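Residues or ranges marked as domain 'IGFBP N-terminal' in TrEMBL: 14-84. According to TrEMBL, the feature domain 'VWFC' maps to 85-162. Summarising the annotation, TrEMBL assigns domain 'CTCK' to 218-292. Per TrEMBL, signal peptide is recorded for 1-16.
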Amino acid sequence: MQSYLCILFMEIPVSASCLANCQCPREVPKCAAGVSLILDSCGCCKVCAQQLFEDCSKTQPCDHTKGLECNLGGGSAKGVCRAGRTCEYNSKIYQNGEIFRPNCKHQCTCVDGVVGCVSLCPSELSLLRLGWAKPGEVKVQGWCCKQLAYSKDAKKERVVCVSQTTAWSPCSKSCGTGVSSRTTNRNTQCKLVRETRLCKVRTCNQMTFSKLMKQQNCNHTEKTSCPVKMSYSGCRSLKKFQPIYCGCRSDGRCCRPHRTWTIRVRFQCKNGEIITRMLMMIKSCKCNHNSSGGNEKSPALYGLFNDIHSENVKER
């Protein structure tokens, strides 16, 4: 008589949304080499970040240190980790984070749809930026950059980092907490990186703006009645703020931030961890005839100072 062994496999489901109470494993997960250990979007548990093309959700966030974002399709709670936007330059497509040289004098980087370039010939640029008289240039065979002929009393050349910073992009959400980003090289390495900040144009409860909606003018702002703590991914700010929000008109058109500034805010999460994030604060709002209830669907493209590609960069 033959006997058969039946083995049942039970799959433990992983919730895609945040639970009311944190239920984290006792042991901190051990991630594979090159995989970041991060706090989930609920501000609850530390998890191994999802990688490119892997499934993602609030409890399984993508590896933001690699520029990955969770692409949620059709309003679903689950999505797929995708890289930042590609760049098009001289009819060629470059991936997010890719470094390339269009010629021997410049090196460029694709950062989330924006191409920024730096000169590989700083000696040709630094003296001119400092306002010195144009020195003699000597073309040396086998060298791309022209060599400068100094006089005996010429000043010692200093290394100059040409500042390249875009404007902040529109907030990713028309109400509630969203994200705004920009590209800059204002760091010690003079390296082109993407910075992000939290933003909140208005609360999603439109009743807060009942007074504004009765007015046809949209140049007004609404300040919270009392200081409140800011929220981010299940974490709350240590300090209270009294932010300004943009209002809406009676025809449904809403104002947009006109002048803003950025502050650093410390948040405390449910597990006691303290994190620091940049936060947009609104000074004033404006509303034009084409304003709608939401923000722009397509992020604007910004040229960087000293770019060589200002007319060719396109969003893919």
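Yeah, the Cβs are placed from backbone N, Cα and C, and that goes for glycine too.
Under DSSP, the residues of the domain 'IGFBP N-terminal' (14-84) split into helix, strand and coil as follows: 3 helix, 18 strand, 50 coil. Mean pLDDT of the predicted structure over the domain 'CTCK' (218-292): 84.
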